[in-house]
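Residues or ranges marked as transmembrane segment in TrEMBL: 6-22, 42-62, 74-93, 128-150, 162-186, 198-219, 285-306, 318-340, 346-369, 390-406, 412-429.
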């Protein structure tokens, strides 16, 4: 493996270690023992859930290819997963608010375990069912757990600033350390022990079962609006009214969709960007480097959010601008340096620059997750939290499905340019969100006000 890969990985690891070890009192948040117990329980469960997800990621495409499916068939399977998340996401989100977030988290475990079991079958229809189940599970993973955490945090009357500590630690562990360890463990199962490409999915099912047992025995139930009068369509209407009547919620949804659309598109683009002539690159090692960069970002976010004088809305504008600039690098390098059409032995100068830029983008991703969680906890009403959060994922999933379907139709530079534009727009919207959150006009939307008002907007 090239020395350059080791250098980038080593630098990232050193910076992360230095950030964690150099924390001073002003970088820390003083908390209570009861909160620490609550936080550690959630972090344990969330890390196990993320391990169940990360173990599968690197081997989904590989498993399908070993069953003899081509790029087009595999693309359709991936589209089914994102389409399922788009279609069923709002439904399961509403059910989580009404039937209980703990129950929704348990459902996530069961559905994802069933999805893992389908990977043992080489039949296309069975695998398609597995992708649909996986899409449903993904919607629950990115809404039900966060909704349960926020509701439980508030129910126990913990300090609101402490919530940011849980968010940053969850991203640092779940999207960083656990991702790296899961990749190494999966590689151990498949390559070292030669258990085959389905082994990581079996391991994921085991982790999910363990996490489900912890949830069932240690978590209490909480709800959004358990009112019997609120059926599924009413829940949708309540969520839609909340988004339409509160500009802050609408802006937050647009910002999240724009950033995540760029992020998921980047997942499909970084490999051809770093190997334009099908050069051999260490995918697993590059992935681990990206996860280290994400850990670095979450560590920075923890420091930023620990300062009560600094608002999330302020620094996220800069984060979006930096991420937009980092994804412009493939375009910039293609203009300044004539692209090579010959397969090279090592990493070219252009690709080396791009790798550093991609690490910067991943660091921005690490800052984004806990920061967007913090803003969601402030602006999204509790009564329809899971429903609204899954509403935000609808445009994201539509966009990713379109990209997957047309992945070969546009040059890679055009795709990166589009992502960069999305991120720049997100920065503008973030600026608007900061302005109106500092100077609120009128009262915020509240379902309780809707119930107490003389005119029910749902009947209009």
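Glycine is treated like the rest: Cβ placed from N, Cα and C.
Unlike curated records, TrEMBL annotations are generated automatically.
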Relative to the transmembrane segment (42-62), which of 198-219, 285-306, 318-340 accounts for the most Cβ pairs at distances under 8 Å?
198-219
Run the contact check on the transmembrane segment (390-406) against the transmembrane segment (74-93): 3 or more C-beta pairs under 8 Å, excluding pairs closer than 6 in sequence.
yes
Quick one: do the transmembrane segment (412-429) and the transmembrane segment (6-22) have at least 3 Cβ pairs under 8 Å, skipping pairs fewer than 6 apart in sequence?
no
Range from 74-93, 198-219, 318-340, 346-369 with the greatest count of C-beta pairs under 8 A to the transmembrane segment (6-22):
346-369
Positions whose Cβ lies under 8 angstroms from the transmembrane segment (74-93), at least six residues beyond its ends:
60-61, 64-65, 104, 107, 127-128, 131-136, 138-140, 143-144, 232, 236, 239, 386-391, 393-394, 397-398, 400-401, 404-405, 407
